[in-house]
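Lifted from TrEMBL, the feature list:
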{"type": "DOMAIN", "residues": "23-288", "note": "domain 'NADH:quinone oxidoreductase/Mrp antiporter transmembrane'"}
{"type": "DOMAIN", "residues": "290-343", "note": "domain 'NADH dehydrogenase subunit 2 C-terminal'"}
{"type": "TRANSMEM", "residues": "56-76", "note": "transmembrane segment"}
{"type": "TRANSMEM", "residues": "96-115", "note": "transmembrane segment"}
{"type": "TRANSMEM", "residues": "152-171", "note": "transmembrane segment"}
{"type": "TRANSMEM", "residues": "178-196", "note": "transmembrane segment"}
{"type": "TRANSMEM", "residues": "202-219", "note": "transmembrane segment"}
{"type": "TRANSMEM", "residues": "240-261", "note": "transmembrane segment"}
{"type": "TRANSMEM", "residues": "281-302", "note": "transmembrane segment"}
{"type": "TRANSMEM", "residues": "323-343", "note": "transmembrane segment"}
Amino acid sequence: MSPLTKLILTTSLLLGTTITITSNHWMMAWTGLEINTLAIIPLISKSHHPRATEAAIKYFLTQAAASTLVLFSSMINAWFTGQWDITQLTHPPSCTLLTTAIAIKLGLTPFHFWFPEVLQGSSLPTALLLSTVMKLPPTSILLLTSHSLNPTLLTTMSIMSIALGGWMGLNQTQTRKIMAFSSISHLGWMTIIIIYNPKLTLLTFYIYILMTTSIFLTMNTTNTLKLSTLMTSWTKTPTLNTTLMLTLLSLAGLPPLTGFLPKWLIIQELTKQNMTTAATTISMLSLLGLFFYLRLAYCSTITLPPNPSNKMKQWSPKKSTNILISMLTSLSTSLLPLSPMILSTI
């Protein structure tokens, strides 16, 4: 792919995201979502591999269906209320339709089927975009309409997502699929609290982006696509693998790492809202996720290949990537002591 094409597609992604986040009108938000979808499809299918082409088609069909539902729900709401403002979504069937549409766009259970397959068919940098940047516009719409949505429906979908993300990640050997189910699980944590504390959802999302970006960049540096590759990368990049282990444990939510902060706050907020059963359930289900994060961490640092590599120990040929990974890893593992300062902004 030529640099000019990459520049156009990246600019379109930024433009689409910005339009959706800053819009108050449903048509503008829908336009931003469509620009995003059309910009990412060439990036998914750029390798011209059959699996990449299949992933691009699956992504296009699901996103087109979700965008149609967004438009349909906004038109029904406008028909009954005369309002095209995103925050004025008051018609109950429109709220249910929008929840379904955003769940498809994000990959929440039971509309998650497309997400692991699309990530598996994409390259690691594109998978990173799909897991982080492409989640931002639907999440912003969910935040703007959170006061109108059905709490029972959202809570049910959230608990299902956390459970499925944990169960399905247990028997995976492909790192991209593991990260896909990790994403589904984390989206469940974000969605369950969105009605009660939208700022906490945003904080969880930012920390999730931070940790996921760090993991994907590390995997891209070592070219890790399977667990077997992860096992043999220790002899080449021991320092990088050590930091990858810490970031994975942070993503699992182990104290005293950064990933513990959002889970701790979400459980605390749910308890305040008299949702102790939901808080207990998601706490128990997060142990499933912890198992496969521990397995990844075990493969990356503790398991050594039977034959040592002849290559010299190296960090990475790109110095700029080194600095970026170092910064992201540091933030992904050591932000918990700053939690009083972070809490003061919520």
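Every residue gets a Cβ built from N, Cα and C, even glycine.
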Quick one: mean pLDDT on the domain 'NADH dehydrogenase subunit 2 C-terminal' (290-343)?
73
Do any residues, 6 or more residues outside the transmembrane segment (323-343), come within under 8 Å Cβ-to-Cβ of it, and if so which ones?
203, 207, 210-211, 213-214, 217-218, 221, 240, 243, 246-247, 250-251, 255-261, 265, 316
